[in-house]
Structures are given as C-alpha cells and as structure tokens.
Amino acid sequence: MWTANTIMRKFSTSSAYCQNKLKLALIGQSLFGQEVYTSLRKQGHKVVGVFTVPDKDGKADPLAAVAEKDGTPVFKFPRWRVKGEPIPEVVEAYKSVGAELNVMPFCSQFIPMNVIDYPKHGSIIYHPSLLPRHRGASSINWTLIEGDKNAGFSIFWADDGLDTGPILLQRECSVDPNDTVDTLYNRFLFPEGIKAMVEAVQLIADGKAPKIPQTEEGASYEGIQKKSNAKVNLAQSAEAMHNWIRGHDKVPGAWVTIDGKPVTLYTSSMLSVSVPAGQPVEVEGASQPGLITKSGLVLFGSDGKALQVKNLQFEDGKMIPASKYFSSEESASLELTDEEKKMAEEIKAIWKGILSNISSIEETTDFFKSGAASMDVVRLVEEVKQKCGGVQLQNEDVYMASTFQSFIQMFVRRLRGEDQEEELVIDYVTKEVNNMTLKMPYQCFINGSFEDAEDGKTYNTVNPTDGSVICKVSYASVADVDRAVSAAKAAFVNGPWGKMNPRDRGRLLYRLADLMEEHQEELATIEAIDSGAVYTLALKTHVGMSVQTFRYFAGWCDKIQGSTIPINQARPNRNLTFTKKEPLGVCAIVIPWNYPLMMLAWKSAACLAAGNTLVLKPAQVTPLTALKFAELTVKAGIPKGVVNIVPGSGGLVGQRMSDHPDIRKLGFTGSTPIGKQIMKSCAVSNLKKVSLELGGKSPLIIFSDCDMDKAVRMGMSSVYFNKGENCIAAGRLFVEESIHDEFITRVVDEIKRMKIGDPLDRSTDHGPQNHKAHLDKLVEYCEIGVKEGATLVYGGKQVDRPGFFMEPTVFTEVEDHMFIAKEESFGPVMVVSKFRDGDVDDVLRRANDTEFGLASGVFTRDINKAMYVSERLEAGTVFVNTYNKTDVAAPFGGFKQSGFGKDLGEDALHEYLRTKAITVEY
C-alpha cells in the first residue's frame, strides 16, 4: 500500500510538472543557444533534437556540447539546402524527432520552409533588434551605427520573408553613449534574450502567444558590413564617427588611413573633457590632424567636437594602445623569475586545454589563428584569473596580446604592476590656502574620469567665511545621472568589482583610507572653506572619522556571511538550506551639507564593502570634498564606474536618482519632508530599497544630581558642536528646576569666552554657518521664539562681520507649545525648559512628545535613574553622561519621523545587502 501511494504521489507530481510543456527542436548554435536549451529543459520542456553546425577544428559548438552531454539527439548538418532546394535526408532526419515547436535562438543557416512550418506550433526566432527596424544579420551593429537611443530584441514567428514574421514579444533597453556591440549584448540582449525565449515558449504552450503583424512603417534592412566599406567618413560630426566606430567594433572593424596605411579603430568614446595635449598625426580625409595623447587617438568631427580611440590594429593583425602609436620599437622582452616561469607553464596548460586541436603551444602560437573564438577569450581570462589570483585581466587584453609570448609578457607586466593605466587627467582649480596649495577637482566624476556636465552648466560654490566664490562646479543634468548609473551598472555587472574577491575589495578600501589620511590636511582645509567647519574639528571629526569609517568597513569585506538552516527533510531525500548575503547592485547616496565628507564615508564605505557600486550626489552647496574623494578612489585603484559623483540640485539630480529604474537602493540624509518625497518616488519607480536619516529634535534631560561641570560642558557641546549644524544636536534641553538658573549662568559665561571667527584660525571655537539661506532661517527662527514669549538670554542675531556668522544663542522659559520647542533649528540655538524637581515621568512625557526620534541624552549620577530614563526615551541613540559620542562600530539611526535604517556598525552593511535562501536536495 505504501509503495502504491508513493508511486501515485510521484506520478501526480510529475503530471503537474509536465502540464503545458512542449516537445522542442532547437535549431541554432553558440553560447546563447546553449543557455536557451538549458533554461528550457529546467522549465520542464523536452528537447527532442538539437540541430546545429558541424565541429570546427575538432571542437563542438557550445550548444552541441551540452546537448550531447545530456544525451539529447544532436544533428550536425553543414547545410539544409543545395541550390535552393531542401536536402531530403536532412529534412527526414529532422522530422523523425517529432517536435511540436522549432526554437531558433541563434541560427546562421538557411532553414527550408518545409522545416519551418512542419511542427504543430511552427517556429520562433530570436532577433536582436526592435523589428521592423534593422532587419538582417548585422542588426546590433546598425543599432549603434544609426545612433539609436533604444535597442532591444524581438521574438517572432518565422515566415518566408527575411525577419518579417509576426511579433510574439519584444523587450527594449536604452543605449548608453559608449556602448559597443559587446557591452550591449552582454548587458541586455544576451541575459534578457534567454529569459524571453523561455517566456515565449511557455506562452505558446499555454495557448497565449500573440501574433502581431509587423508594420512596414519604419522598417529597414541593412546587410552584413564588410571591411572594404567600413572606412570612417571623417567629414561628419564626432558623434556620427563615434557611432560608426563602435558599431563596427570588433567585426569587421572601422578604419582610417594614418600616415598612408590602413589602421583599424577599436574602443571609441566621446571626449567630454577639454582636449589633452598630444602629438599630431596625419589622418587622410580629416579636416585637421588627429592627436596621439596619453589616453589614445583623438579625432575631430566636422562639428568641432572630438572623440577618443583607445586601440589601433595594423594590417598584419598587431594591435597596440593608440597612445603607443609613436613608440619606435617593442618593449624589451622581460626576464622571468622562477615563480613567474611556473605561472607561465600553468598558463600554457590553459592555452593547451582551450586549443586542443593543435599539438603544442609555441611562443608564436596565435590564439585566434589557432581556432579560438570569443567564448574562448572569456574562458582564458577567467581560468588565468582563477589560477593566478590577484591579476586583473579583461577580454580586451587577449585581443591586444594574441600570441602566447606576447600574452605572457603582458601578464607578467600586469603581475609586476608595470602595466597600469595612464594617469587620470584632472583640470584642477588651485588655491593657496592654509599654507598649502589646494588642488580641487570641480567636474562631474563619471566612469573614472572628470568631465563637464553634458549641457555645460556650472554653478558657484561659496566660502561662508566671507561670501566669496571658491570656484565654479559642474551642474549635473538628468543625462549625467543616467550616464553615471549606466557606468555603475556596467561596473557591477561586467567589471572587475563584481567579480573581485572580498579580501581584495577590502584591500582597496584600506588603501583608500590610507590615502584619505595622507591627504587629511588638504581635505580638512577644503571642508573649512566649503562648509565653514572649524579646521581643527574638520581634521579630527570630518576627516578623521571618515578615515576610521573606511578602515572599519574594509575589515568587514571578507566577513559577510550567510547561515545554514535546518529544515524538514523531503524524505527519503535530504535537504540543505543556506543563505547568502549578496550586494544589491547600483546604489544611490544623497548626502547633506553639514558633514560633507563624513556623511559620504558613513554611507559609501558600507555600500562599497558590501560589493555594490554607487552614484553619489553631494549637497549642492558643499561638493568639493566629494570630488576630491573621487580623485583618491582612482589613486587607490578602485575600478572605473564603481564610484560616480554628480554634483547638482536635489530637485533634478536627487529626483532622477529616486526615479531611476536601474538603482536598487537609495540612502539619504536630510530633512523629513524631502525624505518623504524620496520614499514616495522610490516606491513608485521600482520599489527600490530606502534608508533615511532625517530631522531631529533631540531632548537632553539634565537632573539636579548631575556632575554640573560635565553637564555644562557637554550640554554646550550638544548644541554648539559644528556650529549647531549637527543632526543629533540637542534641540531641546530639560533642566531640573533647582539647578536651572545656575546652569544657564554658567552656559552664558562659557559662551562669552568662545572665539567666533575664521575657521582656519586654530584658536577659533565657532565658525560661520554653512550658507546664507541657512543663516537667514536661523535669524528668523530666533525672531519667532521672541515673538512667542520665550526669553532670549543671549545671542539671536547675525554677527556684525563679513560672512555667514550667527551668535551662539540661548532661550529659556520655553513652553511646550512654542514653535522653537517643536521645530529643529539646525543651528547654534540652545532651547531650555525647566521641569519640576523629582518629576521623572513628566519630563519623559515631554521629551517624547515629538514626531522625531534621532537621539537623546540624560545627565545624572544615579545609575538606576539613568537606566530608567534611557529605556523609555524614544530615540535611536541615547547618551548617558556624555553627548555626540558616536563610533564607527555603533549603529546610528532614528525612530519615528527621524527615519529608518542604520549607518555605521554591522547593521549598516545589511542596508546594502540582500539575503538569498538556497535549498538543495540530495
């Protein structure tokens, strides 16, 4: 009975699994075909036959290889037709498998119509363009050549026309400014195409597949490009030339004539910065000579704009960096150490494993002339990286060094650090300040380079000490945000950052922290002139804690772990369930103006340690340390696209970040109203993860049994630290009645001793407010307090001197209903209320009577009272007999309308990670 029930259960499960599944014939080839085949089988469809191309140089096509391994019937026909007529024995072999649907993921052969129409459901084909545009075999190339803003693919029902059959489904993506055929294919057309093929088959199986006739409106057909007609027309705009070059990269290769010889151009990008210095080179047909610069070959369009080409290939097949065009001879051959010789032998074994069709690997063996294809390039790169950890290689390196000897030479130079990228070109603003020469970047930082905003707009950043303009800064547009997100996404999906060992990632973050410490005086000086921070405080806190933060999170990189979970076993089988912590992808960070560098560090260090890439918007009024930080990331060796900085307005740049569909997380520090708007936009756009550190009105309760000296000193620090521009500043002090007057008297005495002045003066205690609009708001805040009946004991006015200075201010007799009792000043304004002696519960009620809950504090010598109060204060942080004591290891964040999510500590890492549960049956 038990056996019968078991068989019945298995039979029932199997029947449900096979419901609405089809018998398929896969006709095609390539890795794409292999992935479609594997995915369809996983979905329960039965592949009854694979029809692909014959082996080449003794190597099976990837689709054939995986199908043969699975035991699926594989047919390798060199052709299906002779002189336009179907070959009968080939057609009969096809019909013998009994397919209900032909799936053609990538097929280079002409398939007869009696095969196309034979199955019950006909045939579907994948085509990498948005039909009817770009019919033909070179559709991806022409998408780029024509400068299309959008690309995509179509899955259509095969008919007797050329890519003219009815549409089943289409998917679309944007084309990035520097996309190539490879990047577009790898980023979207390949992974999303596989998913869509599986979806299309299931729609057919379920009887829900549409057949939408193609319109001829907008239809185009372009043939396969040949080398002979791929010459670049230099009498057109730089963008048109760039599109032509990238549309032909890597096959067949766009070319020009340089110094009388044809030269093929690879890896083009628009030059968005000023043209660097270089050596002229004659390019036939160009209106002006090209330039060989440190970064490549610069060509000029008819519109006066320029593009840059990274690599050149000569007629003999030799490829070089364009920057090395004038090098007269090859670099001397390297003498290998014993350890390097061992690595070379390991690499030779890898080459031999890939090029199995040749008898031996010689120094002159050419990888591609020996039969290797693009997938073999990927395999070579990944196997070498696996065997020889720590050396970062890219597919392009193989094309640049295609013989075994040149590949080993390139590898050893990379291993020794002798093959580094050219130095970053930065157009600095320089100023002699604080006994040093400040060198400050001022442009957007996107994909590893500093460049102007796309529309060329700039704005002034102002020194609050005297109101003078420091410099003009690029004012990023929506298009700049899109480019930055695209760079961050490419760096995460395809770049070395996403594939890097966590320990190597930590090593780079440690190096970045070291560089920040090395440049701490420069960073602190920039903070002082751009935000008004007192230099000594900037050195210790703004910069010092930023360095500590990066070191702390660098140490976390290789300690991010999942867990194993015991679950009920699916007897008689067994199960293993475990979790993985994974990065989210592209993250956006929007930081405030009070601690420009420190807020950057608090969020970005955790974000990067978790393995994400980021696009960061500094506050519009304090962009300069963020841009200097960007420069240091390059020096630290952090790959291109991992960190991107886009200065500009919150309404434009910040809003686009909230709306962008490719951003998976947004971390924000700022006001509560803006936080609410961000949360709404993030939900409506793509339900991106959000963490918010928002406004506060932090209560500080001072009991009569406190250490009065400490309470006065810390109470002042709780309000006046960093000029009161401090998110956890004590927005309201509750002082027990019996000590109230003494406390106020001592505070005012201390204020009178404070030195207000130039933040670069080492004896200054109190610098200028961050910007003019904020100063005006503080003066208005104090005027409202006076009008409502609070007692202005000290200050309340702007200091009579140039710059944006506010007097340290004290209000007493503040009642609970008053504006200044409820609203945050975010400035040097102490708001004091009395509470009755011994009435602990009432002062707790008053302290918690706010919609904010960022921080709080209590001063008392009674440990029982301290614990009682701290447990009942509704705030994310409670300070007892201290204030402003934050540490990189302690989580920081608020309750209620002060936001949610944490910065710092282990908790911050989880804001930038997702948990995946995996269950394995064995």
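Including glycine, each Cβ sits where the backbone N, Cα and C put it.
A C-beta separation below 8 Å, combined with a sequence spacing of at least six in one chain, links ILE111 ((6R)-10-formyltetrahydrofolate binding site) to ILE27, TRP80, ASN102, MET104, SER123, ALA158. Among the features that TrEMBL reports, (6R)-10-formyltetrahydrofolate binding site is placed at GLN109, PHE110, ILE111, ASP163.
Same-chain residues at least 6 positions away in sequence with a Cβ under 8 Å from that of HIS127 (active site, proton donor) are, in sequence order, ARG135, SER139, PHE153, SER154, ILE155, PHE156, ASP163. Residues annotated as active site, proton donor in TrEMBL: HIS127 (among others).
Annotated site 'Essential for catalytic activity' per TrEMBL: ASP163, in sequence order.
According to TrEMBL, the domain 'Carrier' annotation covers 338-415.
Here TrEMBL flags 591-593, 617-620, 650-655, 670-671, LYS777, 824-826 as NADP(+) binding site. Listed in sequence order, ALA476, ALA588, ILE589, VAL590, ILE591, ILE645, VAL646, PRO647, GLY648, GLY650, VAL653, GLY654, MET657 are the same-chain residues six or more apart from LYS617 (NADP(+) binding site) with CB atoms under 8 A from its CB.
According to TrEMBL, the feature active site, proton acceptor maps to GLU693.
Less than 8 angstroms from the CB of GLU693 (active site, proton acceptor) sit PHE668, THR669, GLY670, CYS727, LEU854, PHE892, GLY893, GLY894, SER898, GLY899, GLY901, ASP903, each of them six or more residues away in the same chain. For GLU693, the entry in TrEMBL reads active site.
A simple way to gauge crowding: the CB of CYS727 (active site, proton donor) has 24 other CB atoms within 10 angstroms, across all the protein chains here. For CYS727 (among others), the entry in TrEMBL reads active site, proton donor.
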Nonlocal neighbours by CB distance (under 8 Å) for PHE826 (NADP(+) binding site), same chain, sequence gap 6 or more: ASN594, GLY724, GLU725, ASN726, ALA729, HIS774, LEU778
Spatial separation of GLN109 ((6R)-10-formyltetrahydrofolate binding site) from GLN620 (NADP(+) binding site) - C-alpha basis, Å: 57
All-chain count of other Cβ atoms within 10 Å of GLN620 (NADP(+) binding site): 21
Secondary structure content, the domain 'Carrier' (338-415) (per DSSP, counts of residues): 49 helix, 2 strand, 27 coil
Model confidence over the domain 'Carrier' (338-415), averaged pLDDT: 83
Neighbour count (Cβ, 10 Å) for GLN109 ((6R)-10-formyltetrahydrofolate binding site): 16
Residue pair GLN655 (NADP(+) binding site), GLN109 ((6R)-10-formyltetrahydrofolate binding site) - Cα distance, angstrom, rounded: 49
Integer Cα-Cα distance in angstrom, PHE110 ((6R)-10-formyltetrahydrofolate binding site) to LYS777 (NADP(+) binding site): 74
Listed binding-site residues (ILE591, LEU652), ranked by Cβ neighbours within 10 Å, top entry: ILE591
(6R)-10-formyltetrahydrofolate site, defined by GLN109, PHE110, ILE111, ASP163: further same-chain residues with Cβ within 8 Å of the Cβ centre: MET104, CYS107, SER108
Cα separation, LYS777 (NADP(+) binding site) to GLN109 ((6R)-10-formyltetrahydrofolate binding site) (Å, whole number): 73
